[in-house]
Amino acid sequence: MKVTRCSAQTLRIFPQQKQQTVAVGKSVVMTCQVDAPSPELVTQPQWKDPKGFIINESATGTRPEIYTEPMPMRQLQLLYISSITPSMAGNYTCVATYTNVPLSASVIIDTYVAITWTNANENQFATKGKDFKIMCEVTAEPSPSVDWFKEGNPIVTGERYVIHTNGLMIRNVEESDDGTYTCRAVVIQTGELAERNIKLEVYTAPEMEEREPRVEIREGESAAISCKARGKPNPTYSWIRASTRENLASTSRFSVQENSGLLTIDRVEAGDYGKYICSAVNQAGQNETEIEVEVLVRPRIFELYNVTAPEKQEATLECRATGRPAPRITFRKLSSPDRFLNGPNDNGRITIDTTSRQSGDQMESSAVITISKLNRTDDGLYECVAENDGGEARRNGHLTVQFRPTFENMPRIPIWSWNQRPANLSCTAESIPNATIKWRFREADLVESPQVKIYGSGPSSYVIVTPTDRGLFGPYKCIATNTLGEDEHIIHFREAFPPHTITQARQELITATSVSFNINGPSEDDGPPILAFIAQYKENGNFDWNLSLNRTWSVNSPYIVENLRPMVTYDFRFAAINQVGPGSWGAPLTVIMPRRSPPEQPKWWENESPESLVHGKYADRFELRWRVPANNGEPIDMYEINYCPVQKVTGEWRIASESECVVEELKSLEAISYEVRSLRPDTRYRMQVRAHNVLGFSLPAQLYVQTALGVERSGFAPPQMLSSGTIIGLALAGVFICLLIVDLLLLCFRRQGVIATMCGKRGKKHNDDEAKLGRDEKEPLKDTGDDAIKRNSSVEFDGHRVYATSGGPIIGKNSAV
């Protein structure tokens, strides 16, 4: 029983292997545990090293290489070896006592050297084209064996690969050698296996990309010049100016981006031209390229002077300009868009010569234009144009051609005076330099007097002559002189008289109420120009011309008298008017007015031929426009519009279908247009317009029209029946009604106004003859003398309104509108 109790107390060591092998450098922990039925009777276990010395516990805050750590509550003792070395190998013993009976247990710890990578960086870099050894040094005890793999494929020694004990040699590295290599170490004795993945990057030296060897930049602007190179890793860049070898990264106005190779130049100067070197560098090497920089300098014209030369001599203008590259200089006369060519122009009369040379950082160009046998047309501004790739410059120079005086632009017309009116005899000479003017009269120098005043001595001068004596009429000579010569101009000062009698006046077109005349005026050789014609007319039975009416027309206007009475005989006489006044009357002309009749034939506004074909703008409508014809004694009360589709057969127009002819009436007195609607597209029509009065229809105005291509349309609003004249008439009627209401109010409240005045007078009766005359004019022929000349009148003929003025000075021609 006692033996059994004693044998039950033991010490156990964990791990339980009696011999343990640990790699050098590894940490070890061993546990000694009491195995007894009464653990409280067992002392705390202790550990002894291979030399038999007790291994102490660690002091607070320390961690020695070997120490113990007790756990009394569980009767445990821990042994710690933080980093084992071969000298620490041996037999380690755990001891304790149980009721004074010693207990012990031991374990043998052996060491070995594990696989260790001593020189095997995981990232290594090779240079293309050179030999490179991928380093992989490994230590172990016993010694390991090493083999290599790339991307999982085994590598053996060959032409390009050589396996060394400390690495893999690659001969003449290529870019394809880039990748992941595996270095594997094996210790056969221990069965230890370890692998090391090494990433190899193959560096390539910079290789400059192809680019234009020459760049152009502009003066005054900012410029950027790029430089690119291929390489691994990405190269860094620097820029050097070839002429000075200065690094542009540290130079004012220049900046360099090292990573992108961009060179920036701020405010480019003319002197920035030349060669620049771009250098690219990385771990694999260096490369560079040379770039020629040309600075474009806009031309600047710094010399162009005005030139003066005499007529028929030679003149030169020189234009000088700087720029880069050398400016091309051309000339042109500012009044002409064409430039002169280098060399001879105008059959050799004008030549252009150009030269250029280096001037500092720029080029200087010169051009000379030489003009021989100068004439007055050469005078003017000449533009010098300097151009190069940087831009252009323009500058004007003036060539003044001196010439002797001339009066070629002076009018050669006589000056007239009458009734001792003062006259202005003006004289202006053209010349360079300005001319001096003197006057002569009847081959003697003109002397001032109360009747003769001279103003100005050149280049303009005028004489005011008051002809109180007829001896002051005659030729006045204006003589202009300058350094190149002289010229003279004769002004004929003549006495003016009223025009002579009109040579011929005959009637042309006559209607029931109007007559037009053809008037041949008197000769103007002996007097001022004819300004107007005046006519007096009266009924043939009235022998007193003082009671006649009159009309005055400007020269070359239609000579028409209207508002005459049908079937009445009139006497007409005519006279011409000039600045002096009206001339003497010519012989009377008797005209018998025809009876009342239908209106005259209307005339188209555009004077279209009645047989021509007019192409309309629209497919379904066409606007007819005509002039109001003469009514021949009775007012026009309507117009008839007739249109039919037609065809042209053997050169003649024929109505295609009588059933399709349309007749429309336009109830308007002054209508001059009508829009025909509901026409067929692409169809030819004959259109006619007739005027109507109480005596019948006029002859038709005829027109052939072809409508445009299109689609027929319907639903048009009815044609506008109110003409512009009708609208004006309605407006005037409204004004008249308003005035009538006002006059009635004045009559009721104040006994004043037109109606009140008329009520106090005796009404006049009209006889039967006057009633028969209808709308004919009843004004008595009472204008006489000056009163007849002062009357103004207006008439309408052939669609035009003609204004005629009587009396007073005639300033100019009245126009027919």
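Glycine too: its Cβ is placed from the backbone N, Cα and C atoms.
Remember, TrEMBL labels are computer predictions, not curated facts.
Summarising the annotation, TrEMBL assigns compositional bias 'Polar residues' to 352-362. Long-range contacts of the compositional bias 'Polar residues' (352-362) within its own chain (CB-CB distance under 8 A, at least 6 residues past either end) are made by residues 270-271, 273, 295, 297, 322-324, 326-331, 340-343, 345, 368-370.
Feature annotation from TrEMBL assigns compositional bias 'Basic and acidic residues' to 766-789.
Per DSSP, the secondary structure of the domain 'Ig-like' (15-100) breaks down as 9 helix, 40 strand, 37 coil. Among the features that TrEMBL reports, domain 'Ig-like' is placed at 15-100 (among others).
What TrEMBL records for 102-199 (among others) is domain 'Ig-like'.
Summarised as a single figure, the pLDDT of the domain 'Ig-like' (206-294) averages 93. Marked as domain 'Ig-like' by TrEMBL: 206-294 (among others).
The domain 'Ig-like' feature in TrEMBL is assigned to 299-400 (among others).
TrEMBL lists 405-482 (among others) with the feature domain 'Ig-like'. Under DSSP, the residues of the domain 'Ig-like' (405-482) split into helix, strand and coil as follows: 3 helix, 42 strand, 33 coil.
Feature annotation from TrEMBL assigns domain 'Fibronectin type-III' to 498-596 (among others).
The domain 'Fibronectin type-III' annotation in TrEMBL covers 598-711 (among others).
The annotation region 'Disordered' is assigned in TrEMBL to 336-362 (among others).
Under the heading region 'Disordered', TrEMBL lists 762-789 (among others).
The annotation transmembrane segment is assigned in TrEMBL to 727-749.
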The region 'Disordered' (336-362), counted residue by residue under DSSP: helix, strand, coil: 0 helix, 15 strand, 12 coil
Helix-strand-coil residue split for the domain 'Ig-like' (102-199), DSSP-based: 3 helix, 66 strand, 29 coil
